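Reviewing the structure listed below.
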Amino acid sequence: MVGTSNKVLKPTRQEDDKFAKKSGVLLEKLDNKILEINQLKAAATKETPEPESTTKDEFNSDGEEMEPSEAIDWDDKISVLQNVDPNAFRQYELACDRVKLFYIEQHEKQTVAYNIQARINFKTKTRAKMSVWEGLEKLNKLLDDSDPDTELSQIDHALQTAEAIRRDKKPRWFQLVGLIHDLGKLLYFFDSQGQWDVVGDTFPVGCKFLKKIIFAETFKKNSDFFNPLYNTKYGIYYKNCGLDKVMLSWGHDEYMYHVAKRNSKLPPEALAMIRYHSFYPWHKENAYQYLMNEDDKKMLSAVRAFNKYDLYSKSDDQPLLDVKELKGYYLDLIDEYFPTKIIEF
Ligand SMILES: [Fe+2]
Ligand SMILES: [Fe+2]
């Protein structure tokens, strides 16, 4: 099946640096738009009762086996939410054309075949060797040509997220997740075919595309949409198989999850936050619960807790940060959880 109906083009490793930077600006602007939409959705959802969750009570159960990080109260108040005005976000359905066009392309091209090939590509080569901080600095070049007054740079967003988590006195590993959760966007410099396989909301491939996915109507152009193996409720999966067995659309989340899993001592909750932070149909819309196992129920609380920092740390009210001042703290934090220092990306 691999490489038949969806032929994978040769990766663009040698692409011209200038082109990469200019394209990176578009990528970053697009990603900001997508984040904005999710932020608006989050704000809009706040005004309506929380959707029913059949598993909600189980997350707070005291009778379950204790996990190392279970002492964290995932539902406690977070400081970054204090200055956010949900009333400022009313028109979230009016997404700009660029975002719609992005999802039309993403939903057409994220097939099972493409996803298998992307994972083969990932496992069969090393794209770069560098430290986590060097990776962040490389990623920062995505914004070299853009207007610094209108967008946060990648390092700014990473630090804003991490600092918000730190300010709320969350564990050190949680702060590190804030710093590195988008580091997988480095994929754009390596193997990506465009923007559609780097950013955007993620969703399972290999089973029915649910209406809870943003712009779900655009899946009709995806060849899997008509494949009887893939277009049923469970598709190639089975009831409560666990999200670990489910192939989520390839992008910076999935890529960074694998990099972090292979190179770090981060706990399962941290890896889940990285892997599922763009899986809005799941962590925001409560879809695909029938694919979850017991472990995923615990992870969902963690992912939701992280998501608030990811979204709201982009709020205009966040304090300006001095990268040089904070660098030492985060270098120590990186060394604590990435002991080999030089990472294979
Ligand atoms: Fe992200
Ligand atoms: Fe982010």
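Cβ coordinates come from backbone N, Cα and C, glycine included.
Taken from TrEMBL, the feature region 'Disordered' applies to 41-69.
The compositional bias 'Basic and acidic residues' annotation in TrEMBL covers 47-59.
The annotation compositional bias 'Acidic residues' is assigned in TrEMBL to 60-69.
Counting every protein chain shown, the number of other Cβ atoms lying within 10 Å of the Cβ of Asp201 (substrate binding site) is 22. What TrEMBL records for Arg90, Asp144, Asp145, Ser146, Lys185, Gly200, Asp201, His277, Ser278 is substrate binding site.
Under the heading Fe cation binding site, TrEMBL lists His157, His181, Asp182, His252, His277, Asp310. The Cβ neighbour count for Asp310 (Fe cation binding site), using a 10 Å radius over every protein chain in view, is 25.
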Nearest of the binding-site residues (Lys185, Asp201, Ser278) to His252 (Fe cation binding site), judged by Cα-Cα distance: Lys185
Ser278 (substrate binding site) and Asp310 (Fe cation binding site), Cα-Cα, nearest whole angstrom: 10
Under 8 Å by Cβ from Asp182 (Fe cation binding site), same chain, sequence gap 6 or more: Leu139, Gln154, His157, Ala158, His252, Met256
Pairwise Cα distance for Ser278 (substrate binding site)/His181 (Fe cation binding site) [Å, integer]: 10
Per-residue Cβ crowding (10 Å cut-off), top of binding-site residues His157, His277: His157
Neighbourhood of ligand 2 - binding-site residues from Asp182, Asp201, His277, Ser278, Asp310 with Cβ under 6 Å: Asp182, Asp310
